[in-house]
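Reviewing the structure listed below.
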Amino acid sequence: QCQLNGLWRNDQDSLMEISVLRDNGDFQGQYLTRVTLSGGCAQISPLRGAQQQPGEEGWPTFAFTVRWDKFSNATTAFVGQCFVDAGGKEMLRTMWLLREAVGSLEDDWKATR
């Protein structure tokens, strides 16, 4: 069974810690990007999300947002699923969208990555 709570590291060495996982699937934690770490000004950004209650296989889907308010005017939304590989290692597979604030409707086209 896959558990979301704990410390996670991605392929880019960003760190995510899910410290509170409630019975209803809501969770919160913090995210620290590699960009922030390499820039010498490590800032922790809050995250909040929810997981679908795991079924019999115990591989829940989830979604969370990270607000980068201490060093960027952007928000990122992640969606994914937790898996356990053949060796017993838990891993998260996610997709994300980052939205930056822009100054005008004409610049909207370049605000989402």
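Here the Cβ of each residue, glycine as well, is placed from N, Cα and C on the backbone.
Within the set CYS41, CYS82, TrEMBL assigns CYS82 as the partner of CYS2, by disulphide bond. If you draw a 10 Å sphere around the CB of CYS82 (disulfide bond), it holds 21 other CB atoms from the protein chains shown.
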